[in-house]
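To keep things clear, I will list the structure first and then write my remarks on it.
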2 protein chains.
Amino acid sequence: MNISPLQKARYEYNPKLPAILRGKLTNLSPVSGEPTCPVADADKIKEFCPHTCFLPAVSFVEGKHEGLTRAMTVGVILSGGQAPGGHNVISGLFDGLKALNKDNRLIGFKGGPSGLISDSFIEITEKFLAPYRNTGGFDIIGSGRTKLETEDQFDKCIATCRSHGVNAVVIIGGDDSNTNAAILAEYFIRKNAGIQVIGCPKTIDGDLKNDNIEISFGFDTATKTYSELIGNLERDANSAKKYWHFIKLMGRSASHIALECALQTQPNVTLISEEIEENKTSLSDVVDYIASAVAKRAANGNNFGIVLIPEGLVEFIPEVKALIGELNDLLAKEGNAYSLLSNDKARQEFIASHLSTTSATAFAFLPDGIRKQLLMDRDPHGNVQVSRIETEKLLIELVTQRLADWKKEGKFSGSFNALNHFFGYEGRCAFPSNFDADYCYSLGTNAALLIACGLTGYLSSITNLSAPADQWKAGGIPVTMMMNMEQRHGEQKPVIRKALVDLKDKPFTYFAQHRDTWAVETAYTYPGAIQYYGPAEVCDRPTMTLLLEQGK
Amino acid sequence: MNISPLQKARYEYNPKLPAILRGKLTNLSPVSGEPTCPVADADKIKEFCPHTCFLPAVSFVEGKHEGLTRAMTVGVILSGGQAPGGHNVISGLFDGLKALNKDNRLIGFKGGPSGLISDSFIEITEKFLAPYRNTGGFDIIGSGRTKLETEDQFDKCIATCRSHGVNAVVIIGGDDSNTNAAILAEYFIRKNAGIQVIGCPKTIDGDLKNDNIEISFGFDTATKTYSELIGNLERDANSAKKYWHFIKLMGRSASHIALECALQTQPNVTLISEEIEENKTSLSDVVDYIASAVAKRAANGNNFGIVLIPEGLVEFIPEVKALIGELNDLLAKEGNAYSLLSNDKARQEFIASHLSTTSATAFAFLPDGIRKQLLMDRDPHGNVQVSRIETEKLLIELVTQRLADWKKEGKFSGSFNALNHFFGYEGRCAFPSNFDADYCYSLGTNAALLIACGLTGYLSSITNLSAPADQWKAGGIPVTMMMNMEQRHGEQKPVIRKALVDLKDKPFTYFAQHRDTWAVETAYTYPGAIQYYGPAEVCDRPTMTLLLEQGK
């Protein structure tokens, strides 16, 4: 590894901790609050998680707690997609463990959950850890998408942990991984394995949150990275004055990323999947909405603009969702007859004739290329692959058509030239912002304390995040508190409920109040690159979402 | 405009000037060096530019110079594509003019050269300028691509200038715009218009340079912005360990951007157009080269990597260049017969049968989608549009095929999943790096001095750029010094010769020495986001290209 000047400088950074975690960790004690309750289906959750359901939230105060200094060996895994700050969770965990007892050990299982199952590991030492402090990426031990779900897997985890004398496992992951962490914690209790499980809330998507998990880590850095680029494109659009940039942003389920980026950059159009689903907006209406903004701006002589599109958009448009469902059913049922058809035209006609009227209309509305793509690119189960649809290009094509129609009708007299972008992978491994560097280091330090207190099935929880770091609070909540029952693979299962964009909450309502102005005016804000040094208001500011949620 | 915290903070930044420009500008005097000479075709250039050919380079020293403080009105235009720092050139120019004589005026012509022709203008005042200092974009007065080429246009420029009492015009632009600046300067002399013309070297492509123009402005910021993103993708690839990222980078003619990004990030594969042209590398060999890197890394268990591709690549591959030429000739000649063909297959067969053997082979080698695209998407003159070819996708498709063949032959046993990206517009309007902020402000201040000294047909020249700013040197060179004769629209014309990547110079040779290691090993460097505050080695470092060129 050839170290960049910034990376070298970042090694010197001391992440800021909540005041309570700055002193001697051995002088702390957990305080239990009221019992917690799952977000829904409490009785069912209790059946699946009898030992960890209804447990109280805990917080740390000064005081003495028995056993905090007992020698421990802790395992840690990174699970799922990368998010900036993962290395700092591990740094905080390591430093926290060593502060509690210098003989404590930390073992990293490699390549995600599969490393825990197959016992692929590396012992994390100060020397090994040093070059990863305050850096992006999950490369310290790698990550993976294996799901810890079966009892066979759980038993293998026990065997691995026993062979290393591991007392506790820290799972750094998103909603799925933390759901599995809760189930694993229950299994370990049931089997009397003597192994605790603590989760840390990770995902750039920002959809793992409640009152105690104010934000998942990585959301801050990723949205700032995307907003840097969006701001740069806004400034480019406003300089060249001839392009509309259609920018798709990562985030398949929730539109938090698009919303946060909109709040940071004030683009002309931002689509929010949750609103489109709520309002049952049709694809044609989405196109109308964008085309109207283009036409209004053109009328003012501004033939340029910015459109933000959440990655998962099309799956939230009711008619497209229904179409996809029907297509999958149809291709499963009539696959043989369909496969005998010799050309595109025959195939498309066959499909159209077998769809419901609504879906046939939706199908006909799609551009030819997209129709072909839907029918050809199917996954191993024969299902159409919605994720392959390049939504940003689809919208450009449909808006171009709509504007051409309007031009004929005299309703549009401008020009429309559009470019498309997709920002996702670019933000997952950026150097964590000071916020994420501090937050993650705190989450890790705090996880060490939760383990030392003997807790299991808990998520590390750092709160009051819109205040300066020294005012942050440290504690934990049972994972079950975030759960409800959902249908998975044909069965009702306890899972963490995804926190989608709340159309009644302040971040969205602020956006909704301003978007009509932003659509017509050029009210762009240019955030620029993430700064790690310099004035605090530039370097330490959290996301707009967090500030608005917390009334700031 | 809603101002971001960074933008607010950047208003406070005082760009660093060369020591010689830090004192009283009115205490400076120009010193002429030896007469300069065009890079080639001096006699011809002399015919076109009799007054400005062979003029000496000038530099500034302390001393008194007559007339420096005479009252002046200067016009300025931004020409062509955006580059970070344009606003700082204007800031430096404004401050320089005011330092020479507080009654000096600066008029910005709007929307590029067309603003000068049509007299669309705004007077630049301190108040108007303030919110643009140290920001990216060209939005202060806009830019445009109108070319100042005809005498009719030149006469309109004279009329505009006279109506404002403009003594001099500063043209901030790339090679084409500065070529036109030189011709305009000559015309003004010939017509005794009493209007000077000074150019400033702008282009993110980095292809406008010689010994006196060490780099064009914007190259530093743009390549750092792209390198931030490439580094982030490298770290993502090295964390997830399952994707190859094929990244196309802006720069149609020269590969300086790709080379600089490679030096900053050490990716596995970087294609340099100039080398491919020099070696007459075939498309198939390019594919082989990439596929070999994939196979070697796969043999080590690394099924991931990064490939950098200059935007203009395919036009440098001799066989593709020849194919394009033949296709254009063929479609011009046989367009009627061709247009009567009713389907794709017939069209492709017709084409194949009319091409030379080499071009038919090249055509057959292209994936079907690209062949169709080449034949369908033609420009208004009927020419195929090479720029529409998505080179990054083309290469992914061809490498996928090649690896599938190798798999059958037992020469490849890994997996290959590729994602494509294009970085270009994202970097053109970033907040200028400290280097570009300083350099541009110096270029502008210096331009004010060149005007005050009565010079015309000169480029503002700031040199010794790899040293700290106080050691930079200030002066000017005649534009003619960068010129040679080239065929344009069927005629020999004097134009600035593009500075392509020099395969014998240090930046390329350093890259060539290391690339085999970088191909196989994971030697990624993660530059992170541009920093404006913090340690000087992080914030003020120029590009690797400049450091290597100047032996550092």
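Cβ coordinates are placed from backbone N, Cα and C, and glycine is handled just like the others.
Whatever TrEMBL says is automated annotation, not expert-curated.
Around the Cβ of A:ASP205 (active site, proton acceptor), the number of neighbouring Cβ atoms within 10 Å comes to 27. A:ASP205 (active site, proton acceptor) carries neither a helix nor a strand DSSP state and counts as coil. Among the features that TrEMBL reports, active site, proton acceptor is placed at A:ASP205.
Secondary structure at A:GLY81 (diphosphate binding site), as computed by DSSP, is coil. Look at TrEMBL and you will find A:GLY81 tagged as diphosphate binding site.
Taken from TrEMBL, the feature Mg(2+) binding site covers A:ASP175. Mapped onto three states, the DSSP output places A:ASP175 (Mg(2+) binding site) in helix. Here A:ASP175 (Mg(2+) binding site) comes close to A:THR203, A:ASP207, A:LEU208, A:MET482, A:VAL495, A:ILE496, A:ARG497, A:LYS498: these same-chain residues lie at least six apart in sequence, with C-beta atoms under 8 angstroms from its C-beta.
Around the Cβ of A:TYR243 (substrate binding site), the same chain contributes A:ASP236, A:ALA237, A:PHE304, A:ASN417, A:ALA418, A:LEU419, each under 8 angstroms and 6 or more positions distant in sequence. Among the features that TrEMBL reports, substrate binding site is placed at A:THR203, A:ILE204, A:ASP205, A:LYS242, A:TYR243, A:MET250, A:GLY251, A:ARG252, A:GLU311, A:TYR425, A:GLU426, A:GLY427, A:ARG428.
What TrEMBL records for A:74-315 is domain 'Phosphofructokinase'. If you average pLDDT over the domain 'Phosphofructokinase' (A:74-315) in this model, you get 97.
Taken from TrEMBL, the feature site 'Important for catalytic activity and substrate specificity' covers A:ASP176. For A:ASP176 (site 'Important for catalytic activity and substrate specificity'), the Cβ neighbour count at a 10 Å cut-off comes to 20, with all displayed protein chains included.
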Using C-alpha positions only, work out which of the recorded positions A:ASP205, A:GLY251, A:GLU311, A:GLU426, A:ARG428 is nearest to A:GLY81 (diphosphate binding site).
A:ARG428
Would you kindly give the Cα-Cα distance separating A:GLY251 (substrate binding site) and A:ASP205 (active site, proton acceptor), rounded to the nearest Å?
5
Against chain B, in sequence order - recorded positions A:ASP175, A:ASP176, A:ASP205, A:GLY251, A:GLU426, A:ARG428 with Cβ under 8 Å:
A:GLU426, A:ARG428
Suppose we draw a 10 Å sphere around the Cβ of A:GLY251 (substrate binding site). How many other Cβ atoms does it contain, all chains included?
29
Could you give the maximum C-alpha to C-alpha distance in Å for the residues A:THR203, A:ILE204, A:ASP205, A:LYS242, A:TYR243, A:MET250, A:GLY251, A:ARG252, A:GLU311, A:TYR425, A:GLU426, A:GLY427, A:ARG428 that bind substrate per the record?
36
Could you check what DSSP calls A:GLU426 (substrate binding site) once collapsed to helix, strand or coil?
helix
How big is the Cα-to-Cα gap, in Å, between A:GLY251 (substrate binding site) and A:ASP176 (site 'Important for catalytic activity and substrate specificity')?
15
Nonlocal residues around A:GLU426 (substrate binding site), in sequence order (Cβ under 8 Å, 6 or more apart):
A:THR225, A:TYR226, A:LEU229
Around A:GLY81 (diphosphate binding site), how many other C-beta atoms are within 10 angstroms of its C-beta?
22
